[in-house]
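Here's the structure, in structure tokens; my notes come after.
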Amino acid sequence: MPSTPTLIFIIIFYLVSLASMLQNGFMMIVLGREWMRNRTLPAADMIVASLASSRFCLHGIAILANLLASFDFCYQANLIGILWDFTNTLIFWLTAWLAIFYCVKISSFSHPVLFWLKWRISQLVPRLLVVSLIIGGLSAVISATGNFMANQMTISQGFHGNCTFGHMSLDFYRYYYLYHSVLMWFTPFFLFLVSVIVLMFSLYQHVEKMRGHRPGPWDLHTQAHTMALKSLTFFFIFYIFFFLALVISSTKRKSMQSYYWAREAIIYTGIFLNSIILLFSNPKLRKALKMRF
């Protein structure tokens, strides 16, 4: 029987995951219907729809993997873990492309590269989505290779017991997984970081200029840009929060008790909060939500 704190984190993890699946499922349905009705979607909505679909799958995979690991279905849990790596890497790259897209479209900096991208990035989005799938597939191959090697080592050492301890008790697997995480996650995270910082700085400059020309506190344009800046700031904070929790969890020995469930609750709460901001910052999704409720 798990301790009370562990039980609380388990409940938080499952509730947050189910709520996030409902939320991302709603986003998928709204944007999917528009995609089918118009046979096309704006470039930004295309990325958002892909991101919502990936997050929906990630939460489902996490629930299934944890249930399998809890009942010591080691082989099945490891197979699901490979699919998790694919989906998680895909989410990192989709988030990076979304940040770059908004940075290019909204920022007011007059750099030749930004001008060139402003006219072409919408046409590049389908290709970027394909690139994300390819990188996700590469991540899955690397993960599958590491799992196979760890399985052989575990068998050769005659390990028996909880499958969650099996792989992560091996120094080889923990370092292998850490290097894999650095290779697959840090590049899109860095692109996201730079894009959001540039966009936030550009929005801040724009808000200050508008306040100087329109000193009225209730100016609608200033309010809209201020709200966008606040939403972006919260998205930025929650995403860093999620990323750090994920990296820390990749360097620690996993346990089905104690800290494992705390890390799971923190990581998936971060994804859930990011999805909330994404939902309310999209006019189409916000309108659809108001019509439903």
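Glycine residues also receive a Cβ, built from the backbone N, Cα and C atoms like all the rest.
Fair warning: this is a prediction, and the values are worked out from it, not measured in the lab.
Pulled from Swiss-Prot:
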type     : residues : note
CARBOHYD : Asn162   : N-linked glycosylation site
TOPO_DOM : 1-6      : topological domain 'Extracellular'
TOPO_DOM : 28-55    : topological domain 'Cytoplasmic'
TOPO_DOM : 101-127  : topological domain 'Cytoplasmic'
TOPO_DOM : 149-181  : topological domain 'Extracellular'
TOPO_DOM : 203-227  : topological domain 'Cytoplasmic'
TOPO_DOM : 249-264  : topological domain 'Extracellular'
TOPO_DOM : 286-293  : topological domain 'Cytoplasmic'
TRANSMEM : 7-27     : transmembrane segment
TRANSMEM : 56-76    : transmembrane segment
TRANSMEM : 80-100   : transmembrane segment
TRANSMEM : 128-148  : transmembrane segment
TRANSMEM : 182-202  : transmembrane segment
TRANSMEM : 228-248  : transmembrane segment
TRANSMEM : 265-285  : transmembrane segment
Could you check if the transmembrane segment (80-100) is in contact with the transmembrane segment (128-148), meaning 3+ Cβ pairs under 8 Å among residue pairs at least 6 apart in sequence?
yes
Could you put numbers on the helix, strand and coil content of the topological domain 'Cytoplasmic' (286-293), residue by residue per DSSP?
7 helix, 0 strand, 1 coil
Do we see three or more Cβ pairs under 8 Å linking the transmembrane segment (7-27) and the transmembrane segment (182-202), pairs being at least 6 apart in sequence?
no
For the topological domain 'Cytoplasmic' (101-127), how many residues does DSSP put in helix, in strand and in coil?
22 helix, 0 strand, 5 coil
Looking only at residues six or more beyond either end of the topological domain 'Cytoplasmic' (286-293), which have a C-beta under 8 A from one in the stretch?
26, 30, 279-280
